[in-house]
Structures are given as structure tokens and as C-alpha cells.
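Reading through the C-alpha cells given below for one structure.
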Amino acid sequence: MNPVWASVENEQQFFGVLKAYLAKVPGGIEKLLPQWQDFYANYRNAIVGSGAPGANELLAAKIQATIADTVTLQFMKPYTFPSLHTRMVGADYNYFEFGQRYVGALVDFNNSVLGHRERWDQIAAQLAAGENVVLLANHQTEADPGVFAHMLMATHPQLATEVVYVAGDRVVTDALSKPFSMGRNLFCVHSKKHMDDIPELKAEKMETNRKTLVAMARQLNKGGCLIWIAPSGGRDRPKDNDQYTPDPFDPAAVELMRSLGARAKRRTRLYPMAMFSWPVMPPPRTVDKAIGERRMTNYTPVGISVCEELVPDVAVAGVAAEDKEAQQKALALAAQQAVVAEYERMEAALRDPRKRGPGTDFSQPWLTPQ
């Protein structure tokens, strides 16, 4: 968007331009420059070390320049996300492709997988028939929307582009995250984890959430809406053994989607979905309320896999109808257990080539003609 970034071809040129911008931002040189130096270095190392065709210093510099271009614009002209944000792909700038380029350079496609293509076919058909689909997914990195789109683009491009993500505070307020968020369809909410961060803003945040619920209900009433939500309320964190598995689902979050779908004028289906992406950009071990965390990036295989449809009446069978809290817990547990089981199967396929490809549930459609 600013022509000066187009001339950047190496690290020296990149930081020459960036320093000139940050000098105009309060605390830019002292705080933001060291963070970006760290981000640039590990992103460059991930790309150059990948050995992928064309993955060199020039590519790293060009991608970092596009990120800096969009981020510095946010300092000058901050974008405020509405309750329902529509991805920005206009003639002036395509934020979707910007995000896909950044994430794609980090994905080892030769070893990545798409699980249960036939279920994605089924979901696409249900959406085409005017039904709604809610994906109850685990969430591992800020790059998850890009990973999701890359895994589906070869077979189901409409799912890759038209999905609406339920996005929390960090996604729409962190200056480094905002440009990537602008390229996605979003229902913007304030999570319970951050509701009381600034007490004087709590009432405003609650009103935003109310408006978002209204927007979600309207879209579900129209039909043909695909929603991605992380019922855990955030990214999976490494366990005590440094392994990643899907975090527990919040029963209230799962119940919210069930009840919204039940009240909608169009049928709404629930599908648990497993995502493996944490090595791309490992999240911090603990939840940090401060905005501006360190970004570590790696070149790695990734994958997504959708489970069988979750039927609420079946999932809560045997639970007393009058015990609403127990029913909500049972539904959330059923969804989470399905995701954990599928995650473990997908992780095995990512590690062992014999468990992916023809004759298995895990395909690589981007490697073969469609």
C-alpha cells in the first residue's frame, strides 16, 4: 500500500524503512523494534531453512515487508472491527491473499494432511442446500485461519474463503494480528478471559457481544453459513510433558452454538474438528493478558480433520432432561473427546507416511490433480 516497501529486498533495506516509521511511533524504537528484529530473524530462518523451492532471503524480506506495510498503516489509520466483519479483498488490497502468503511459506505441504475429505464434501453439500454448519474446533496458533484455508483450497475453495471465524480480543486488537484478521470473515466477541481486563470497558464489551449474537442469529436465519469457533476459549497450551492436545471445551460456548442453531430458521449442524498447527507458531505456555507477545515461527507439516456430526440428543442421552447443566457438560465433553481422538489419529498420520495417502482417511489433494 505504501510504495516504499515494494523496493525492499533484504534485511538491511527492511530495517532501514522500518526504523524510519517506528521513529514516529511513541516507544517504537525502544519496544517495537527489538520485537520485530526477533520476529524477522526467526521467520527468515524458518523459510530459508525449509529447503522449499524459492524459499530464500528475498522471499522472507518481501513477505516481512508486506506485513510491515499493513501493520504501520494500523498505527496511522487504525481499523475498528464491527460485530460482523467481512473479509477485505478489494482492488486496493487483498488482505486474504496477504495472510495466505505469510502462512503458506511456513507450511510443509509434502507432509501435511486433510482428514476425511468425504465429510468435507458432505458439509459443502449441506451448506449448498441452505443449512448451516458450526465447526467446534480446537485452536492452536494465530495462523489457524490460514492453515484451514490452505488445507481446503484445493478441494473446497468456497469453504476456505467463506467460513466465518468467532474471533476474540487479541485477534482484533493486537497491531500485528489485525491485518491478518482483516482478510477473514469474523464474528467479533470479547472472551470471558479478557472481560475484566479493563473494568471501565466491561459494559462496552458486553454490548459488543450482544450485537455479535444478533449478527450471528441473522446469518444463521439466512442459511448456508459456516462458522468456526474454538469452544476452549483460546489456543491449546503445552502440557506438563511439553505435548500439545486439544484443551477442554467450555460447556457454555458449545451450548451457545447449539441453542443459536436450534432457534435458527434453517437447520444447523454441529461438527467437531481437529486442527494440528502448533509448530507453525507455538503459543506461550501461559495466557498473557498483555498484547504484543513474541512470535516464533517454524516450517512444519499441518493438518485439519473433521469428525462425524455431533447430534445433541444422542450426545446427552442418559442425562436427566431437567439437569440442564449436566446436559451442557455432556455435550461439550462429547465434542471435545471426538476432537482429541481425531487429533491423535491425525498426528500419527503427520508423523508416519504410511498412515496417509490412498486407502487412508488422510489425503493430500494439493499434491494430486483434482
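Each residue's number is its place along the chain shown, starting with 1.
Any Cβ shown, glycine's included, is placed from N, Cα and C.
Record features (TrEMBL):
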- 361-370: compositional bias 'Polar residues' (COMPBIAS)
- 133-278: domain 'Phospholipid/glycerol acyltransferase' (DOMAIN)
- 348-370: region 'Disordered' (REGION)
- 139-144: motif 'HXXXXD motif' (MOTIF)
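Sequence-distant neighbours of the region 'Disordered' (348-370) (same chain, 6+ residues past either end, Cβ-Cβ under 8 Å): 109-117, 150, 153-155, 276, 301-303, 305. Here the motif 'HXXXXD motif' (139-144) has Cβ contacts under 8 Å with residues 102-103, 106, 171, 177, 180, 230, 232, 234-236, 244, 275-278, 280-283, 295 of the same chain, all six or more residues outside its ends. Per-residue pLDDT, averaged across the motif 'HXXXXD motif' (139-144), gives 95.
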